[in-house]
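Reviewing the structure listed below.
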Amino acid sequence: MEITNVTEYEAIAKEKLPKMVYDYYASGAEDQWTLKENRNAFSRILRIRDSPGSFSCGNNYVCSFRFYLCFSPFPLQTLSSWATSSVEEVASTGPGIRFFQLYVSLRNHLYTFCILFTLPPFLNLKNFEGLNLGKMDKTDDSGLASYVAGQIDRSLSWKDVKWLQTITSLPILVKGVLTAEDARLAIQAGAAGIIVSNHGARQLDYVPATIMALEEVVKAAQDRVPVFLDGGVRRGTDVFKALALGASGIFIGRPVVFSLAAEGEAGVRKVLQMLRDEFELTMALSGCRSLKEITRNHIVADWDQPRVVPRL
């Protein structure tokens, strides 16, 4: 089967993965409204500025930009507290910028899914080896949920961001910001960056789609720290829209997991290439020769229009 866009990998992954695993990665919280809204909100942003006439990336046109696309930390897969590969193992694979997601409170997130989730015997949580925390046994509910609920301190506050700065020289980014107020608080706490995210719509339903919250957070940050977008990106045009709204870079999660399940490393590489190809074409047709040329003037969103409230 020839894959023509990123979304097609989910159906293939669903056929290949055990139902328990697929449900865990594909599902969202409660009614899954925010899960759907993360995608639907992108369709309410139109790319309105085309270049006059034809455009090409040939000898007279230089595509001089870096493709700002990152992998979102995902439970048991990409680099995080609950990864099945250690930080050292991931670092040994080659150069590159890496983000490590420090999980602090996941109890509500993990109890969203009433499924029997346990790790297979050949996998464990590598970052906790030697601490009697690396294995999860089967229980009457989700083994992963029970494990995390028993191990995590759920008293996280802004002061903990400041405390983390005393034990590491690494830059600390705050993930899960959806409002201007929290953006300002994160910066006051010393955050080196912000990730606009609703955690894949897996924790709390009926929160805004991340693309809808992005511009508010960017304006509140006032260029003091970079602001990244996480959630709902499935097309190169989505990347373009996010950058036009002020994002410094984009994180993707489920496309990586599903393509990995479908075709392994080759599938992940293809996802990245498809997104890059679509993004380059969008730039060319929009007349943008660099990332700096992508501006708010290139798009219009439905929330730009004034809303009329009828008087009864």
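The backbone N, Cα and C atoms fix where each Cβ goes, glycine too.
Annotated domain 'FMN hydroxy acid dehydrogenase' per TrEMBL: 1-304, in sequence order.
Per TrEMBL, the feature glyoxylate binding site maps to TYR24, TYR103, HIS199, ARG202.
Cβ-based neighbour count (10 Å, all protein chains) for VAL233 (FMN binding site) stands at 28. What TrEMBL records for SER80, GLN101, THR118, LYS175, SER197, ASP230, GLY231, GLY232, VAL233, ARG234, GLY253, ARG254 is FMN binding site.
Residues or ranges marked as active site, proton acceptor by TrEMBL: HIS199.
Summed and averaged per residue, pLDDT over the domain 'FMN hydroxy acid dehydrogenase' (1-304) gives 82. Taking HIS199 (glyoxylate binding site) as the reference point, the binding-site residues whose C-alpha atoms are within 10 Å of its C-alpha, out of SER80, GLY231, VAL233, are GLY231.
The sparsest Cβ neighbourhood within 10 Å, among the listed binding-site residues (GLY231, GLY253), is found at GLY253. GLY231 (FMN binding site) and ARG202 (glyoxylate binding site) are 11 Å apart (CA-CA, integer value). Annotated pair GLY253 (FMN binding site) and TYR24 (glyoxylate binding site), C-alpha to C-alpha distance, rounded: 13 Å. Take the CB of TYR103 (glyoxylate binding site) and look out to 10 A: across all protein chains shown you find 15 other CB atoms.
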